[in-house]
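Per TrEMBL, active site, schiff-base intermediate with substrate is recorded for TYR461. According to TrEMBL, the feature domain 'Copper amine oxidase N2-terminal' maps to 75-144. Feature annotation from TrEMBL assigns domain 'Copper amine oxidase N3-terminal' to 162-258. What TrEMBL lists as 2',4',5'-topaquinone is TYR461. Taken from TrEMBL, the feature transmembrane segment covers 7-26.
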Amino acid sequence: MNPKLPYVLLVGAAVIIFVLSCMLLSRGKQSSSCESQLHVVEKARSTSQSLVFADLTPEEMVQVVRYLQGHLGVQLVDASRAKPSDSCIASIDVQVPAKAEVLQFLDEGGARPPREALAVLYFGNQPDPNVTEYVVGPLPTPAYHRDVTVQKYRGKLPYHRRPMLGSEYQQVGVFIKTMAFAAAPTFLKEVFVYDGTNMAFQTTAPHGFQSGDRKSWFIVFQNVSGFFLHPVGLEVLVDHSSLNISRWAVSKVFYNGPYYRDMVQLESAYVQGRIRVEKVRKAPRDGDFSSMKPRAPSAILFPLQYEPQGPRYSIRSNHVLFQAWSFAFGMSVNTGLRLFDIRHKGERVAYEISIQEALSVYGSNCPGGMSTRYMDGSFGIGRYTSPLVQGVDCPYSATYIDTHSLSETLSPSKRKASFCIFEQNLGSPLRRHYSNLQSLYYGGLVNSALVVRSITTVGNYDYVWDFIFYQSGAIEGKVQATGYVSSSFFHGDGLRYGNRVWEHTLGTVHTHSINYKVDLDVGGVKNSLVAHDMAFEMTRAPWNPEQQIERPRLTKKVLDTEDQAAFRLQSKMPRYIYFAANGKNKWGHQRGYRIQITSFAGDHVPEASSMERAISWARYQLAVTRRKEDEPTSTSIYNQNDPWTPTVAFADFINNETITNEDLVAWITAGFLHIPHSEDIPNTVTVGNSVGFLLRPYNYYDLDPSIYSHDGVFFTSEQDFTACEINPIACLPKTASCLPNFLPFTYDGFQNM
């Protein structure tokens, strides 16, 4: 062997080690942690002004509670423990000032409107039980309160219209278990192996069948994970109208087709062998087929989104700034996420965009299902906002915002991660063109948008609420539905009302209708509503009169009255309908913002129905009315439990008033028909279950505002498109080769339930 060979091998090994070390160090440099390089500068005045819309702070809520306890002269019981015969605070929320006062403050340097709260109280411990609403102020140190109930609703609020408190649901549950079920021990033990803990109940609504009722069907399920899919065939109608719980009673019982007077009659029929029993297999605690536990192990990680140079938006208090956009946000206990003072390039385009209601109308051959018309605002779209899960509900690196509320308690509660804000690369161009004719070039802009999101879980359903801000000046309002389907026990002619999705489970047909309030202020408060569309016209070719041409032409119409601007759900609506400003753009057109609706709604409840007026907003895919302070919402939380005498009937808003050059509001309804199918087990997916609307500039600008975006890409065939100064995308290996700073995963969704 050559004696020099070991030395050669050692030297070679040293060189290899040196090269590998350099490569690793080099790669380590490229994979350094991402650092924020962009700093969005906000004017302090903008942030301060947006506080006029801000939700109440916990300290303000505490002060309002103390004031009410000391100035109403009645004992207020904590609503979480209240009996129907008690008086309590149902909720406290911010009272948003009148628009005229706010605009005087924002635009003309007027005084800041006094900060006030709206308190909803149940007075059960009175000779004339009622619901009363008080405005309390000024905050943070209240000194006055005024009863606004009659002013808002043109009369007192009867006590039976009150939304059910959590304590009342608990009391009904105790009544069913200890009183109702006690009358049928043999039936429950032998048919369901009932042990006092293995049954769960789901309420239906409205709670009755005529004004003044408080009777509810309670559907019985196996008490397992995903219990909504485990009906057992038993449903109980409870009359809980009396303020004395000891006087509550069972009005009717349903089991597997037949109806019984009460549980006593059901027990008797069973003991005598006169009942057709349908044995339901006992489900394990995890629910088996209804479990959301993955059926496959974790594998390669899914793609993630990150911001290599930090967020390009800023959040100060309740104010958001993103590129040319700015707006204030809030969370209403009843209606959820809402936005105010939405501006693009410094100019207000909308004063308010807010959710109003989420309605579900069910069909079934079981009593609970067939009588269900859920109006989720009554339960609380904001109250039941879910804590968001990083990386699933929103991108991991999104900004998660906590909120505070006071509902059914005397103390404010903190809702962790109630909503999130993030910029999202949608993975497609907002616009682009590749030219291979005449000149050779490419121009494009990535579609990156800001998303504001909250998710509401009301019972079985989850609604994903998004407001999305695009660089083109467009705003999108979108809702995606997921969660569990509400099911009925499969029996008899059940297939007329849905699809069988498991052995004893009928996925029942139902509609979803979502209503939004959109108060556009295009180029100022005063707007008109204009419709553009197309029609074909027949003409002779000017160069050859013997030839006929069918050419599309533009049709134009100003919609002068509210009646003309109310478009029924399934009717034909102009495809371009927009709020027009008094001013014009450079090309002589009225500046406008177009309303574009995405919806595949099911049919509306027949207007002959005794409860239809309570949900009459759902008659219309779009209705534009004059804005009025005494018409702040399209519905009321009190409509759910007395739809036969609605507290607010939206149909009354439409009375043929002139809407030319007025402050206008668009009430938008989007929805979908859901016929549950086997792929809805265990959960409904969001794909295909997304509806909403777009607000798009229509001659509002002189050209597309996104042309001024810093994200634009353009290069020609004659340029070096690998150079950073020509094409910023070419710089990604340098500017984006970093590791995102993912904070440790946290979740507080199971705390303070």
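Just so it is clear, glycine is given a Cβ too, placed from its N, Cα and C backbone atoms.
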Field: Those residues of the chain, 6+ apart, with a Cβ under 8 Å from that of the residue listed as 'active site, schiff-base intermediate with substrate'
entry: SER360, ALA481, THR482, GLY483, TYR484, SER486
Task: List the helix, strand and coil residue totals of the domain 'Copper amine oxidase N3-terminal' (162-258) as derived from DSSP.
output: 32 helix, 29 strand, 36 coil
Statement: Taking DSSP H, G, I as helix and E, B as strand, the domain 'Copper amine oxidase N2-terminal' (75-144) contains 13 helix, 27 strand, 30 coil
Statement: The average per-residue pLDDT within the domain 'Copper amine oxidase N2-terminal' (75-144) comes out at 98
